[in-house]
Amino acid sequence: MLKQSNERRWSLSYKPWSTPETEDVPNTGSNQHRRSICSLGARTGSQASIAPQWTEGNYNYYIEEDEDCGEEGEDWKDDLAEENQKAECLTSLLDGHNDTPAQMSTLKVNVGGHSYLLECCELANYPKTRLGRLATSTTRRGQLGLCDDYEAQTDEYFFDRDPAVFQLIYNFYTSGVLLVRDELCPRSFLEELGYWGVRLKYTPRCCRICFEERRDELSEQLKIQRELRAQAQAEEAEELFRDMRFYGPQRQRLWNLMEKPFSSVAAKAMGVATNLFVLISVVALALNTVEEMQHQAEQGTGGGDPRPILEHVEMLCVAFFTLEFLLRLASTPNLQRFARSALNLVDLVAILPFYLQLLLECFTSEDQRHNKDSPREHDLETVGRVGKVGQVLRIMRLMRIFRILKLARHSTGLRAFGFTLRQCYQQVGCLMLFITMGIFSFSAAVYSVEHDVPGTNFTSILHAWWWAAVSISTVGYGDMYPETHLGRLFAFLCIAFGIILNGMPISILYNKFSDYYSKLKAYEYTAIRRERGKVNFMQRATKKMAECLSESHAQSTTRQEN
């Protein structure tokens, strides 16, 4: 019983409420209530059961027996205040007329310029929906609060909603099944369902599965875009600096200097200096391990500072990194977010080993001076303590290699790689689990067939772990290999398992990395363009060029006059 019209209703005219003069709806008098719900039988299809809940006058109301009637089933109650306000606005134009609607068998609605005729008995099957409440309402005030507008002459209720989605709602009222189209936006569709009060549970299982998959995929994509946008932009909002009472504007300028390289020329120079000091520190760390450099440092030259030049370079780099970390710490408006940042943790790890090394060296020198004149029995204890301190110092020096991670603050690729690992932690975890299971299984199998071979290297399962790890990774150093036929069969299976295992997640990780990298690069480019717009580099260059041209023109004019 569908009736649609493509004519748009451009003007809304409010006319006195009168009984519609139609052939389908007889006039039964103004004081007579219209029966919205007729005697209803059992539902068919998805309308499983209807249980009578209460009776008011001559009208029988039915409540759906929902399984999950929680907050979602009571959401329509939150709109009562807005509906009452809308009803008061429309009722004020209908003062002096009867508040009791006439009895009707059909309901005429206009949604987005398209007209529909619906049976009231069909709408009454779903009294919790908006149209069901409209059909079962016994007062004009209640009906006017449920629609956007009403035309009394044609007895038509107007709704400013999407007609494409309402076509599915109309089919739901007539057939009892809510279908979902793939071209509809999941969020818009859910918003329309929430407005009309229709539950998603009325959709078929096939449509619901596809819809939930698209909704979850959309939510995941939006979440990833928000995280990537947050990484591309500054970590702190500018509104946090405005509410500060303690040097708010100064701290904001300092934060822009440290976190926004394209906000000013000084910020760009600061970013370049940070990367330069990181590279110098890494090169100095590598040169410090060269034997010739150590030999020259031990010989030294008499009468000067015994420290080699590489140690001075190290101290200079640590001083710069310390100053940078303190400036970031002093300018941040949110200490908790600053402490949770992985890049700030990398900055702390870059400078902490140097100060711990100085502290341990101070304790070692004091211990040596204290035990200089001690008896001989304390010499072994002192040597052991110094040896342990030396091992700790070597570990501390090795931790300086983590300074290379400071480049991630200004490297889009490194940040995209870290973001990929965080998003794919489940796939990476499964990969590590499969590798561990393969190492344990194949090492035990090879040990069981190779441990009796004379001169074998598979003396225990622990020794076979190295062979299994090298074989699964398809590296194959050749330092350990099975000699029996059964052992070689296990080796072949181990290598084949490693090839299959390593090939599965590579494509997934690469596709996600390339996707995240391109999106992060786009967000960074947008942020850079915005920051450069604030700095106005082109305006400055144009102004400088105009000044130079004006000066040259003035000089040429002066020469011509002379």
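Positions of Cβ are set from backbone N, Cα and C atoms, glycine also.
The compositional bias 'Basic and acidic residues' annotation in Swiss-Prot covers 1-10.
Around the Cβ of N457 (N-linked glycosylation site), the same chain contributes H463, W467, D479, M480, each under 8 angstroms and 6 or more positions distant in sequence. N457 (N-linked glycosylation site) falls within neither a helix nor a strand when secondary structure is assigned with DSSP, and so counts as coil. Under the heading N-linked glycosylation site, Swiss-Prot lists N457.
Annotation source Swiss-Prot lists intramembrane segment at 462-482, citing sequence analysis.
Look at Swiss-Prot and you will find 1-34 tagged as region 'Disordered'.
According to Swiss-Prot, the motif 'Selectivity filter' annotation covers 474-479, on the basis of similarity to another entry. Per-residue pLDDT, averaged along the motif 'Selectivity filter' (474-479), amounts to 84 for this model.
What Swiss-Prot lists as topological domain 'Cytoplasmic' is 1-163 (among others), and the listing cites sequence analysis.
Among the features that Swiss-Prot reports, topological domain 'Extracellular' is placed at 185-269 (among others), with the record citing sequence analysis. DSSP places the residues of the topological domain 'Extracellular' (185-269) in helix, strand and coil in these numbers: 64 helix, 0 strand, 21 coil.
Summarising the annotation, Swiss-Prot assigns topological domain 'Cytoplasmic' to 291-344 (among others) and lists sequence analysis as the type of evidence.
Among the features that Swiss-Prot reports, topological domain 'Extracellular' is placed at 366-391 (among others), with the record citing sequence analysis.
Among the features that Swiss-Prot reports, topological domain 'Cytoplasmic' is placed at 413-427 (among others), with the record citing sequence analysis.
Note on the topological domain 'Extracellular' (449-461): residues 443, 467, 479-480, 482-484, 486-487, 490 of its chain, located 6 or more positions outside it, place their CB under 8 angstroms from a CB of the stretch. Annotated topological domain 'Extracellular' per Swiss-Prot: 449-461 (among others), in sequence order, evidence recorded as sequence analysis.
For the topological domain 'Extracellular' (483-488), residue counts in helix, strand and coil come to 4 helix, 0 strand, 2 coil, using DSSP. Feature annotation from Swiss-Prot assigns topological domain 'Extracellular' to 483-488 (among others).
Positions annotated as topological domain 'Cytoplasmic' by Swiss-Prot, on the basis of sequence analysis: 510-562 (among others).
Per Swiss-Prot, transmembrane segment is recorded for 164-184 (among others).
What Swiss-Prot records for 270-290 (among others) is transmembrane segment, and it gives sequence analysis as the kind of evidence. Same-chain neighbours of the transmembrane segment (270-290): 257-258, 261, 310, 313-314, 317, 320-321, 324, 397, 400-401, 403-404, 406-407, 409-410, counting only residues six or more beyond its ends whose CB sits under 8 Å from a CB of the stretch.
Look at Swiss-Prot and you will find 345-365 (among others) tagged as transmembrane segment, backed by sequence analysis.
The largest share of C-beta pairs under 8 angstroms with the transmembrane segment (345-365) comes from 392-412, of the ranges 164-184, 392-412, 428-448, 489-509. Helix, strand and coil counts under DSSP for the motif 'Selectivity filter' (474-479) come to 0 helix, 0 strand, 6 coil. For the topological domain 'Cytoplasmic' (413-427), the list of distant contacts is 224, 227-228, 231, 342, 405, 407, 505, 508-509, 512-513, 516-517, 520: same-chain residues at least six beyond its ends, Cβ to Cβ under 8 Å.
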